[in-house]
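Novice: Supplied in structure tokens, the structure appears directly below.
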Amino acid sequence: MVPAGDQAEEAIVADAGKEEAEVRAAMGVEQDGKFSMTSLLWHGGSVWDAWFSCASNQVAQVLLTLPYSFSQLGMLSGLLLQVFYGLMGSWTAYLISVLYVEYRARKEKEGVSFKNHVIQWFEVLDGLLGPYWKAAGLAFNCTFLLFGSVIQLIACASNIYYINDRLDKRTWTYIFGACCSTTVFIPSFHNYRIWSFLGLGMTTYTAWYLAIAAAVHGQVDGVTHSGPSKMVLYFTGATNILYTFGGHAVTVEIMHAMWKPQKFKYIYLVATLYVFTLTLPSASAMYWAFGDALLTHSNAFSLLPRSGWRDAAVILMLIHQFITFGFACTPLYFVWEKAIGMHGTRSVLTRALARLPIVVPIWFLAIIFPFFGPINSAVGALLVSFTVYIIPSLSHILTYRSASARLNAAEKPPPFLPSWSGMFVVNVFVVAWVLVVGFGLGGWASVTNFIKQIDTFGLFAKCYQCPPRAHAGAPLPAPPRH
């Protein structure tokens, strides 16, 4: 007799194999092994594609705000919290992958076909736990992805300003909003193969540029490292790191794009380990060199002298933020398509036109709240806490609370934690920690800091944290207080 879990995996593999053949045929990819440029650049679904997608999506503009977080936390806390939240995020990404496999296995046993349908997290929750969980997952996930897209637009405007300051940041936001709207033409995560690969290369360059440039620059005169100095700053910085390693709100969509999604289990962990090689050296080197000056410079580029190397890093980050905007927006496009009955449409142009209304509110919110840095912490505390930490942990406990569910589970506990009780204990710890530290203390600190930005700069700020321009006979304005 074949165990239930093995049967479930075989069913998913068989269905994925059919889907791969159908997609290849539809795209004109040859079956006899001949080289195809379309397949190389556009047709992604392997384990490597998923790894590049996870790693690329995890380290976008946060590279530039992590030094700011270090100035709030101090060096030791900054390093430890990165490792802690990185491992915690890998755990909940693993839980999401397990629940996806469970949901898909159950549905395929019922004869449900997912041809021309992308499974999403709220549908997994609906199938396993019911409509109330679906509503919670839909609300938190969509709101998080909405603001995740907003953050990418804000980051584009913030970065390009360090190359061309003839236009203010608000104007740059208008321009990049129009550029990023072209992501409506990318059908699904299958088609991010070349973009994910390039995106990770771009962030790798930027991270090592920050680390090396800071080391070469050396410590500024009179540098101080007073962090952590205030509770509100400490927990604001901590929630930015919580946000950094909470990029798996698109895990289900990435898994669904794989030919063999049951192989996803440890991909996010391996991606996180690579991300550590980028975030730890760059953030610590920048904080060592500039110290407390980072408290009023949330974008690391602002403290480094202009050079060809810096301009290259800025341009590469701009391209990568376009890619990350697409990553965050694509699940929103899917939700909208399903709501208006366009999800099964094969025409790329028709789907692109149907998706455009999603870009408008993102554009508008980026203009209202241009607070690069503080907005990351607020989103991390209020949305990421639930979307990618609390809800996956609770839903895993509830899905496997009965003995029969555990017996027939499509995925058994992992080798490194081979008991259901052990998994439940870890899940309870994650829920308690994130609820108290992430949402509670982090929410208080990040919202307090966010309100200060509004009080200092106002909504619709034309040029957030721009250096003051000198005017004859006019005193320079005081720098913003944090």
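Even glycines carry a Cβ here, placed using N, Cα and C.
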Novice: Do Tyr132 and Thr448 share a side of the membrane, as Swiss-Prot has it?
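Specialist: Topology check (Swiss-Prot): Tyr132 vs Thr448, domain names differ.
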Novice: Give residue numbers and ranges for long-range contacts of the transmembrane segment (314-334): same chain, 6 or more residues beyond its ends, CB-CB under 8 A.
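Specialist: The answer is 53, 56-57, 60-61, 63-64, 118, 120, 141-142, 145-146, 148-149, 152-153, 155-156, 159-160, 162-163, 176, 179-180, 183-184, 186, 188-189, 192, 195-196, 198-199, 202-203, 205-206, 249-250, 253, 301, 343, 351, 355, 358-359, 362.
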Novice: Tell me the residue counts in helix, strand and coil for the topological domain 'Extracellular' (156-171), as DSSP assigns them.
Specialist: 8 helix, 0 strand, 8 coil
Novice: Determine which residues of the chain contact the transmembrane segment (59-76) at the Cβ level, with the cut-off under 8 Å and only residues 6 or more beyond its ends counted.
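Specialist: Residues 82, 151-152, 155, 158-159, 200, 203, 206-207, 210, 225, 227-228, 233-234, 236-238, 240-241, 243-244, 275, 278-279, 282-284, 286-288, 290-295, 297-301, 317, 320-321, 324, 372-373, 376.
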Novice: So, taking each listed stretch (79-99, 172-192, 194-214, 232-252, 266-286) in turn and counting its Cβ pairs to the transmembrane segment (378-398) that are under 8 angstroms, which one gives the highest count?
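Specialist: Maximum Cβ contact count belongs to 232-252.
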Novice: Quick check: do the transmembrane segment (356-376) and the transmembrane segment (172-192) share at least 3 Cβ pairs under 8 Å, counting only pairs 6+ apart in sequence?
Specialist: yes
Novice: For the transmembrane segment (194-214), which stretch among 79-99, 135-155, 232-252, 266-286 has the most Cβ pairs under 8 A?
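Specialist: The listed stretch sharing the most Cβ pairs with the transmembrane segment (194-214) is 266-286.
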